[in-house]
Structure formats: structure tokens, C-alpha cells
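Here it is, the structure in full.
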Amino acid sequence: MEPEMEDKTLELMNTSGMESQNLVDDLSPKKNTVLKHTNGPVVGSRKRPSQGNYEKEKEHCITLFDQWSEADQVEFVERLISRMCHYQHGHINSYLKPMLQRDFITALPAQGLDHIAENILSFLDARSLCSAELVCKEWQRVISEGMLWKKLIERMVRTDPLWKGLSERHQWEKYLFKNRTAEPPNSYYHSLYPKIIQDIETIEANWRCGRHNLQRIQCRSENSKGVYCLQYDDDKIISGLRDNSIKIWDKQSLECLKILTGHTGSVLCLQYDDRVIVTGSSDSTVRVWEVKTGEVLNTLIHHNEAVLHLRFANGLMVTCSKDRSIAVWDMASPTDISLRRVLVGHRAAVNVVDFDDKYIVSASGDRTIKVWSTSTCEFVRTLNGHKRGIACLQYRDRLVVSGSSDNTIRLWDIECGACLRVLEGHEELVRCIRFDNKRIVSGAYDGKIKVWDLQAALDPRAPASTLCLRTLVEHSGRVFRLQFDEFQIISSSHDDTILIWDFLNVSTNGQPEGRSPSRTYTYISR
């Protein structure tokens, strides 16, 4: 104890005559308290002077106590508490507990700090926010005036692609992320939230049960029939056809907007962004087209045989070919594309490539998947397991999902090269595959599209019978390519059609499952 504090304690403890002795006695319950055991609770009996002396001594103590600093007061109280018995501690705890339980949400606005109360409550999830509204009128006012239901919806739209997609399709995104004086009240967003949850549950049920609205584009190829590749956005679908053309379709009306010609062989692969379409063909060339005008901006002549697949992003492009090689290109601009490196090592046609900032991944008819460093283009490792050639793959984060002519799909950990799961069910070559955080969707030469539960597939305890959620059968020929998002699958086939499988806008009377076989399945929710 500090010298000054010691002096104050001595002053308090050494009052003259009987007052001193009485005060010491009063502060020393361990010495003077007698615990009596009765049939009821344990009670303490203590000796203390007459009421008049006690009141006088108490006032003297309080006077001295009030003169000390807060730190000294705390230290003195700690010392008093340390001299008390458990029974006294219980009384003190009962006294302090309501003092410490403060309604800060109500108290903050009273201090002009509404924004802090709003910020605290903005971290609540929907269930907790509902409960908070029922606490009292002041809490309900803070939530309402702070537009916390709107902020919760905005947070979900920012972080969840399903919420973002719904906001765009149902037009309530126009009210979000804006400070508008005439915006809907908090009650609008409160009632909107459960409707969004209902939409999400309906979409998930449609995926599980195979309920969908089907739209069909007949490509009407003049010569050879078949749609080898496609990509889509909210406005258009761009497809590469066996008849050497590239067709651009309006996604709403399904009308053909434009036909691009120039390749002298089938268009086997494509990718586009806001500015350009890049295509690869069996004529061994890669062509770069302007999206708006359809004009050819560049033609790359490098591969000796058909260009089977390509990917580009962030100034880098990777192409692969039937000539067993992989070409890595630097894309400074659509007209300034230079060859950086050629990767060799596969012993058969390289059918597919994918990449990110860390790895380039390639798959070949030689039954292997090879991993290369994106920055150095050096070989890293080979993934072995498929029993026949590999036709398709997708790579993201640590996960690689591949499809093969052995009719299986394999999931791989790219860092250690381990095969995590084998999915069986297709009856012929698995030609195309895509996955997101929830699902894997695959298309095969058996004409079927299968939807798989990704999270269950990554769980080694999940039975194989639970992994395939639904089989979709509408194509009459081999499925060549597909893409999907939270609301739809778009697929193309040797039957010269593009199908749009819409799981959002399903008629209320239900969509018959068509030729999709009935099956027993278990949906594992993650």
C-alpha cells in the first residue's frame, strides 16, 4: 500500500477511545461474527455498539472516504471486502448486480449517441433482431430509425451471391446502398426479409426435387450440328458451334442477335468479358473479337492442332491443344498478346486448363492432371487416379473437380495431390463439369446432367447414395458444355440445342420432372 494510503487507513482505523475499538470490531467480522446453524439459512450475529455510536462512526468514515481519490477508494473497499465472510459477500453481490446490469441501448440515445446503439445492434442476425425489437419501445425505436433491417439485408446481399441475385431479379436492389429521403420505412424491410428467406427455401427445394422451367434454343446449324461451348450473363448467351460460327443470343427473347464468322473449323472453346470474346477452334487458331461490333481484333497462330480449351483473366491467358502442349500468354491488350511460355509434359491431347494466381492446372487424354506454377510456369506435381482420359475440370482454391471417360468424377486436394472422393453415376464420358460452394453439376455423353451435393461429397462419412441430388434428362444428344449459378443451368449439346433450366421462376402448379428418373435420395444441408 502506498504511504499516503497507509496514513489514511491508519487515520480511519485509529480513532480515539472506544470509537477506535468499535470501528475495528465492526470491520473485523471474522473475529466477532458467530455463525449459528439453524433449520433455515445460515445467519451471522455480530457485536456492535449502540445505534447512536454506529451512526456517528459511519458518518465519520464516509466523510473520510469522500475525500480520497477514486483509486484510493477502490483499494480501501477491496481491503474491506477481503475481511468479510462469504455470507457478507453474497449480500454485496446482490446489491451490486442490479447496479451493473445497465440498459446501454436505452442509455446511449439519452446521451445523444444513437449511432453507437444502432451500430451495436447492427451486428445481430435476423432472429436476434426480432427479439431485440420486443425488449422495449426504446429498443424498437432505435432499430426502426436506424433502418437495421435494411442494413441486415444489405449485409447479406454483399456477402451471399444468392441474395445478390435475388435482389437483382426482384428489383428490390434499387432501394439498397442508397441514402434516400423517400425510401421505404424500416417496416418494409422487416416484412421483406422473411419473403427473401421463403424464396431461398423454394429455390433450394426446386434444386433438390428437380423442379424447373425449361426454355430451349434451337440453333439450326446449317451444316454440322452441335454446340460445343457457351457462356452467359443476364443479357446474352454466346455459343460456339460445330458449324464454325459463334452465335450471340438474347437471353430474354432467345433470338439470335449476331453471328460471328471467320474460323475455318469448329469453335471448340470460348470465353468473354465486357470487351472481348476469345475463341479457340479446330482450325488451330485463337481469335479475339470485339463484343460490341463482332470485329476480329487479333488472330493467334501457334498451336499445330485444334485448340481444345482456353482461359484468360487479369492479363494472362492459357490455351491448350490436341498437339499436347499448353501455351501461356501475356495479354497487354486485345491487340497486344505475346507468348510467355510453352508447357510440355502431357503424353496426349490436353483437353482442359484452368488457373488462378498460384497454379495452372491441365488435364489430358493421358489420364493425368498436371499442376504448374502460375508465376514461374514450372511443373509442380501430377494427380493420378483416373483410369481413362480426362475431358474436363474446374479448379478453385484448393479443390479440383475432374470428369473422365472412365465415367467418373473425382475431387482432389491440389496442395497434397490426394483424391478426396470418386463420384459414380454417369453411364458414359463425363464431358463438362462446374461447381460452386454448394453443388457440382456435370454433363455427359449419356445425355444426362447430374446435380451433386458438394459438401456431402467432401465429407468422407457421407454414403455414396446420398451424393447425387438429381438427374436431369432433356437433351437427346451428348452434353458438351454447361454453366450454372444459384438460379439456373444453361447447357449445350450435340443435339444442336441450348437449354435453360430455370429453378427460380417455376410455375405454382409444379414442374413435372419429365424423363428424370425417380430415385430415393437424401439431401445433406451444409
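We count from 1, first residue shown onward.
Cβ from N, Cα, C; glycine included.
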Give the range, chosen from 34-54, 496-516, that TrEMBL lists as region 'Disordered'.
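Going through 34-54, 496-516 one by one, TrEMBL gives region 'Disordered' for 34-54.
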Where DSSP helix means H, G or I and strand means E or B, what are the helix, strand and coil counts for the repeat 'WD' (300-339)?
0 helix, 27 strand, 13 coil
How about long-range neighbours of the domain 'F-box' (114-152): same chain, 6 or more residues beyond its ends, C-beta under 8 Å?
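Here the qualifying positions are 103-106, 108, 175-176, 183, 185-187, 189-190, 192-193, 197.
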Test the contact criterion for the repeat 'WD' (423-455) and the repeat 'WD' (220-259): 3 or more CB pairs under 8 Å, pairs 6 or more apart in sequence, then answer yes or no.
no
